[in-house]
Structure formats: C-alpha cells, structure tokens
Amino acid sequence: MVEDTASVAALYRSYLTPLDIDINIVGTGRDAIESIGRREPDLILLDLRLPDMTGMDVLYAVKEKSPDVPIVFMTAHGSIDTAVEAMRHGAQDFLIKPCEADRLRVTVNNAIRKASKLKNDVDNKNQNYQGFIGSSQTMQAVYRTIDSAASSKASIFITGESGTGKEVCAEAIHAASKRGDKPFIAINCAAIPKDLIESELFGHVKGAFTGAATERQGAAEAADGGTLFLDELCEMDLDLQTKLLRFIQTGTFQKVGSSKMKSVDVRFVCATNRDPWKEVQEGRFREDLYYRLYVIPLHLPPLRARGDDVIEIAYSLLGFMSKEEGKDFVRLSAEVVERFRQYEWPGNVRQLQNVLRNVVVLNEGREITLDMLPPPLNQMSAPINRALPLAHENKVSVHEIFPLWMTEKQAIEQAIEACDGNIPRAATYLDVSPSTIYRKLQTWNEKVKEKEKER
C-alpha cells in the first residue's frame, strides 16, 4: 500500500485484516519503487497524490519493471479523470477516497483473484505439451491426434512446412506411447548422401565398403523396441525405398555387406514437407510404400495459422534465451507483438527462434522493440503479401513462352540472390527443402550443357 497519510494507511490496514493478507505500507513513490524492486507484490494499492512524485509516475516505473503486477488507484473525487487515464495505462481499478471497509475488501479481493487466475491461465497455456507450446485450436487438434494415435503401433505420417516442428511431433508421439522408455532414433533422409543412407539405416559389416573399418549398427537396429523416425522421407532414393518397404513388411533387414538377416520391432513415424501423394503421382515415391506408411496422417499447421501461439512461443523462447545469454529481456513491446502477429513467418518456428536469438545476442534491455528486429521484420509496414503475382493481362505470343524448367530456374535463382546466396534460407521462402534446390541446380546445369552441345 502506497499511502503518505499514516492514519489513513492504518485504517485501511484494519479494513483488510479479515482477508488474511500480508500488507507492506510505504509513504513515498521512491520507497514504493524500491520495495517492489526487492520483492514483487501480488497487488499494489496506490495513492494518486504522493509527496515526492505522482501516482502516475509510480505506475510507469512499476509497469517498466513488473508489468504483470495489478495496481488499484486510490483517489479523491476531483481526480477521477486522472484515475480513468491511469486505467488506460495499465491500472486495474480505482477507489474513491474515503472508501468504506466492504468496498475496499471486495476490490482488493477481486483484484488478487483476477491476477491469480490470469497467472494460472498463462502458466497453463505455456505448459509444454510433450515439447510443444501453444493453445490454438489448430494445435489442440494436433494434440488430440497424438493422444489418440500414440498407443497404437500404426505408422504415422507427419506433413507440414519446414520449421513447423515435425521432429518435436515425432518425439511427442514416442513419449506418449507405450514405447516411451525405449529408444527414439531419428534419421534425416535429406541430410545423408545417397551412397551412405543405406548404411545409416541398416548398418554395415567390416569391409563392406571403403572406409568401413569396423562393423556398425544402423538406425533400425538402434531403434529396436522403440520408434524409428524417418524425416524428409520423400527425399529417399527409389532403390532404397524398395528395401525400406521390405523392412516395414517383414521387420527384417540385412546390414550392408552381410547376408545375415536381422529382426527388430520398431514403430515407424515419418515426415515430409512435401505432398506425399503428389510425389507418388510424379513417380518419386513408391505407391506401395505410401500405403504402408500413410496410415495415420498428421498435418502440422504453419505458424501463421496458429493465431497467438506465436506470442506464447516467443515469450517462452525469450525467457530461455535471455537466461542462456545472460541478458535481461523479459517482454516484447506492443508494436513487436503486433508485428509478430502480422508477419507470415515463412520459416515458421525455426525462423522465430533465429529472430529472437539475433535480438537477444545483439541488444541490451528488458523490452524488445521494433528497431531491434532484424530484416525483414524491421522493414515491414504491413503484413507481407505472399500471394503470387497476377498473370499478365495482355496475351502473349508463342515466341514468349519459355520451358517450365527455365521459369522455375529463374524463380529459384532470384530467391537465392535475394537471400545473398544462402540456399537453405531461399528454400525456406520457396517452401521447399534445400536438397530440392541443390538437385534442381544440378539438373539445370546438365540441361544447359546439353543445349550448348546441340549448338
């Protein structure tokens, strides 16, 4: 309680005795700010007129350091307009002095209960669901699917854009399953060279190929009894897809260089940022393998479709990163919150992580402001419009039509240039995997060479 008249402070303390709460009384704004800095209270009763500063000055100082602490102003009749203005700046309520005991008790009790409920709501929202953060309706549907499917041995096929948390989802499925205490083994089919991925998956014996100095266990054997997660599955070579299908059907496999069959019990979870059925139709993914694995589909929504989850995730990451980097950041400014809500996040949660890491490392303070954000967020004046440009209204002649691969090549090269040669970043904006771009660049180089030979 911040009240400079001792008799009034003593009277109000007696009014609040039945609530069984601890009350600390100070008589100046400076003492109030220092006291709150030492120990954050559950509620502040603040007189509008103080001997050393105004109640509004105290309000601003408190909101700077402890933005979540509720404040109830106490004011005389002539200052009601100021009290209303204070509520616009974050005060929760105001009392007109002199106030009766019942009115004071009800106001204080309601303010404390409201603050406690708000804190519990925030805590509940920020509780991780098996590693996820977010309480949007789209994510609630994901959580329900995980809960329903986790106990089954049926294969789960996770789809979603890059950076949406497909591996987190796979780990959540494993943790919620009966196999949760057994191994979870992940293998990224796009990150391993074609000639090594079979060895990574099934293992190899000594001397199976150059460099195989010792026998090595593969991911399939390591996952025995647990879950085998095949990330970016649609990047797998067709020849290896055949062997994978046999492994799924029989539960047996051979190490590279061995004729001996090994048997394991694994639950398959796989993921891709592509449309798996489209990959089947275009001949890049085996149809029989698709039907074997696409038993329970689970789509992860992009961050832009998750509403205020972006703010929940941002605050969770901010707290972790600030502590890790030894910084004091505790909140986002209102402008940053709005910018985060507007932005389309083409790189999803992974991009949000990178943005916050950049800000925390390169800046100081307690609040993240717009000027701290890296491009393109600090340059946005409106939500990014990622819609494709409209087709040219004028008719084109047949001489102006280019092969589709050349048009695609131009679009990808422009994206790479815009991203300063950073192919993984360009892939994020183009909504494809980096390996897709590398593969296409190689194919186009071969086509250009063929064209030159024809000349």
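Each residue, glycine too, has its Cβ placed from N, Cα and C.
Going by Swiss-Prot, these are the annotated features:
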- 160-167, 223-232: ATP binding site (BINDING)
- 1-112: domain 'Response regulatory' (DOMAIN)
- 132-361: domain 'Sigma-54 factor interaction' (DOMAIN)
- ASP47: 4-aspartylphosphate (MOD_RES)
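Mapped onto this structure are the features recorded in Swiss-Prot.
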residue: ASP47; record: 4-aspartylphosphate; contacts (Cβ under 8 Å, 6+ apart): VAL2, GLU3, ASP4, GLY55, PHE73, MET74, THR75
residue: GLY160; record: ATP binding site; contacts (Cβ under 8 Å, 6+ apart): LYS166, ALA271, ASN273, HIS299, LEU300, PRO301, PRO302
residue: ASP224; record: ATP binding site; contacts (Cβ under 8 Å, 6+ apart): PRO183, VAL264, ASP265, VAL266
residue: THR227; record: ATP binding site; contacts (Cβ under 8 Å, 6+ apart): ALA170, ILE173, HIS174, SER177, ARG179, LYS182, PRO183, PHE184, ILE185, VAL266, ARG267, PHE268, VAL269
residue: LEU230; record: ATP binding site; contacts (Cβ under 8 Å, 6+ apart): ILE187, CYS189, MET236, LEU244, PHE268, VAL269, CYS270, ALA271
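Secondary structure from DSSP puts THR227 (ATP binding site) in a beta strand. Across all of the domain 'Sigma-54 factor interaction' (132-361), the predicted model scores a mean pLDDT of 93. A sphere of 10 angstroms centred on the C-beta of LYS166 (ATP binding site) encloses 23 other C-beta atoms. The Cβ of GLY163 (ATP binding site) has 21 other Cβ atoms within 10 Å, all protein chains considered.
The secondary structure of LYS166 (ATP binding site), as reduced to three states from DSSP, is helical. The DSSP breakdown of the domain 'Response regulatory' (1-112), given as helix, strand and coil counts, is 59 helix, 17 strand, 36 coil. Secondary structure at GLY160 (ATP binding site), as computed by DSSP, is coil.
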